[in-house]
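According to Swiss-Prot, the signal peptide annotation covers 1-23. Residues or ranges marked as domain 'Gnk2-homologous 1' by Swiss-Prot on the basis of sequence analysis: 24-130. The topological domain 'Extracellular' annotation in Swiss-Prot covers 24-280. The feature N-linked glycosylation site is assigned by Swiss-Prot to Asn52, Asn62, Asn104, Asn127, Asn151. Annotation source Swiss-Prot lists transmembrane segment at 281-301, citing sequence analysis. Taken from Swiss-Prot, the feature topological domain 'Cytoplasmic' covers 302-666. Summarising the annotation, Swiss-Prot assigns domain 'Protein kinase' to 339-616 and lists sequence analysis as the type of evidence. Taken from Swiss-Prot, the feature ATP binding site covers Leu345, Gly346, Gln347, Gly348, Gly349, Phe350, Gly351, Glu352, Val353, Lys367, and the record attributes it to sequence analysis. Taken from Swiss-Prot, the feature phosphotyrosine applies to Tyr412, Tyr512. The phosphoserine annotation in Swiss-Prot covers Ser468 and rests on similarity to another entry. Annotated phosphothreonine per Swiss-Prot: Thr504, in sequence order.
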Amino acid sequence: MCLNTLCAILCFVLTVSFGFVSAQKCGESVFFRPNGNYDTNRRLVLSTLASNVSSQNNRFYNVSVGEGAGRIYALGLCIPGSDPRVCSDCIQLASQGLLQTCPNQTDSFYWTGDNADKTLCFVRYSNNSFFNKMALEPTHAVYNTMRFQGNLTAYTRTWDAFMNFMFTRVGQTRYLADISPRINQEPLSPDLIYALMQCIPGISSEDCETCLGKCVDDYQSCCNGFIGGVVNKPVCYFRWDGYKYYGAFGDEAPSQPPTPLPLPPPPPRDPDGKKISTGVIVAIVVSAVIFVVLVALGLVIWKRRQSYKTLKYHTDDDMTSPQSLQFDFTTIEVATDNFSRNNKLGQGGFGEVYKGMLPNETEIAVKRLSSNSGQGTQEFKNEVVIVAKLQHKNLVRLLGFCIERDEQILVYEFVSNKSLDYFLFDPKMKSQLDWKRRYNIIGGVTRGLLYLHQDSRLTIIHRDIKASNILLDADMNPKIADFGMARNFRVDQTEDQTGRVVGTFGYMPPEYVTHGQFSTKSDVYSFGVLILEIVCGKKNSSFFQMDDSGGNLVTHVWRLWNNDSPLDLIDPAIKESYDNDEVIRCIHIGILCVQETPADRPEMSTIFQMLTNSSITLPVPRPPGFFFRNRPNLDPLTYGSEQGQSSSMSVPFSIDSASITRATPR
């Protein structure tokens, strides 16, 4: 009896020690005006969602409210059969969490997942209808860092078989919580698997199985060998552990009954043959139980501080699970065929880039940093730490890294269509970029920069936005790459200063070149140059020999603008496909971005609104930075060298730009 009590206490202690992190995901780029129709409708829907969900027999409710830009679609659900009051409290908590965490995003969702919760619930809202639609991203994952003890191979076989068994049943019901047969294992390892799978009602059974299958795959790829984990997506949720949770398993018994305990031995006797009193036995047992519980609590507190790792796919403050991101050098060699010339994709800012294939047939891009690249250990760690925190469809995703044999290697997702400059500046290839695609590229880069500057947990300054750092996927959608020069800001920080200016000549703003000052407005300037290049189809440096433009695109465009002839800038390759108003608006936005004074340049959120809302009146632009009125005044530092390559120079802040020393471009 005492043994059973002790086990129950220990199980309770261990259970409450492992709290899962709730998954709040705010929309990436689209925002609404506070106190507008959408905001009013959102608050109305979320204020009534808890009662509406809990009153449904299946604990599921969706609704749409409003018209036009103020229309909102919302959905809430709990575990089927959960107590109405518990469900209502959970939905209310999730709704309040979204209002606080996502104050003006038009598309957000929230899965709860704390052990203190008595159920699992989900809330999502959007300005676009998502009912009955499949969505596999974004992903949120959590795993327990307590490793499995025992025969992992045998346990994994059982785990896989049980998950396959779950798959065969969950597609039709959209919800399943089940317990595996008992497994004979080591004392410190679980002998039961408690698994829960749930999909949003409305998606097909095939989509449900696909989503949950992806969740299981994601868990296995990051966290195999650990005891317990959660992976969730916008339309499905998966969790497994070695104990009950969420009230989902009730008093359900395992498939195989436990082996009965042996009968207790007769009471012990003292040396004189007398029975030891019951009071003495109780005192000894209680003392032992208290001692063991105190030790267990101490271990739990220590373990809890480091037990659960959250893989929010690049949103934590530190590097995301370095162990799961790190590749060994042999794997990289095999994947790239020993860095074969046939697999070389090109030369990046700090080294060569190769295509590779992992054993699971995942295509990768391998960035092998050259020993004399100038990107030392600091830049390498910088890129890994920053990129590992990011997740956005317009940013290249980091898969891992390798530091071995004096090599520094970054492994990225493979983006099939090379970089923007490969198409944009080639006389033959540029025909593949009609105006619709170019306009889409401008919009995608805008969304990516907006995420970096505002929507990610850190404010991140890329510092090297240019055509060669914009990769294109199979559908010509843009992805921002090469974060070796990126810097992150504190929440309350708006600008910084550096004694080592890095970037690409022609894309760097004047305050950065001359004084080393950088902010989000530095990226805005570079983006403005990129917009103008996309419109005209020419490199910034190609204007060095044109008329009296002073050798740069910015001066050339400013003169065309003042002469009321901005359409003279248009690339002949898009003469048959461009939209007159869109082109002029993009040129106008580009000029606003390259204004000399940083305060005059718009924020990326404003640029996004300018691009997506044609009714917004654009301000009159002021003269751009590096505007040259005649060729003799050309700045040799910035425009007398080969442009397009990332470079570095030292900036003594106490003197003016004439004292800047220039280093050889990498």
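Just so it is clear, glycine is given a Cβ too, placed from its N, Cα and C backbone atoms.
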### Task
Write down the Cα-Cα distance for Tyr412 (phosphotyrosine) and Val353 (ATP binding site), rounded and given in Å.
10
#### Entry: Predicted model, mean pLDDT over the topological domain 'Extracellular' (24-280)
78
### Message
Validating a neighbour-count step here. Other CB atoms within 10 A of the CB of Val353 (ATP binding site): how many?
### Response
20
### Task
Could you find out if DSSP has Tyr512 (phosphotyrosine) as helix, strand or coil?
helix
#### Entry: Protein Cβ atoms within 10 Å of Asn104 (N-linked glycosylation site), excluding its own
15
#### Entry: Close in space, distant in sequence - Leu345 (ATP binding site), Cβ under 8 Å, 6 or more apart
Val353, Tyr354, Lys355, Ala365, Lys418
### Query
Just counting, how many other CB atoms are there within 10 A of the CB of Asn62 (N-linked glycosylation site)?
20
### Query
Other than its own, how many Cβ atoms are within 10 Å of the Cβ belonging to Asn151 (N-linked glycosylation site)?
14
### Task
Find, for the listed modified residues Tyr412, Tyr512, the residue with the lowest Cβ contact count at a 10 Å cut-off, counting only other Cβ atoms.
Tyr412
### Task
Could you measure between Gln347 (ATP binding site) and Asn52 (N-linked glycosylation site) for me? Cα positions, answer in whole angstrom.
57
### Query
Which has the fewest other Cβ atoms within 10 Å: Asn52, Asn127, Gln347, Ser468, Thr504, the recorded positions listed?
Gln347
### Query
Rounded to an integer, what is the Cα-Cα distance in Å between Gly351 (ATP binding site) and Asn52 (N-linked glycosylation site)?
57
### Message
Within 10 Å of Asn52 (N-linked glycosylation site) (Cα to Cα), which of the recorded positions Asn62, Asn104, Asn127, Thr504, Tyr512 do you find?
### Response
Asn62
### Summary
Tyr512 (phosphotyrosine) and the residue listed as 'phosphothreonine', compared by Cα position, are separated in whole Å by 11
### Asn104 (N-linked glycosylation site) to Asn151 (N-linked glycosylation site) - Cα separation in whole Å
50
#### Entry: Tyr412 (phosphotyrosine) to Asn62 (N-linked glycosylation site) - Cα separation in whole Å
38
### Query
With every protein chain in view, how many other Cβ atoms are within 10 Å of the Cβ of Gly351 (ATP binding site)?
22
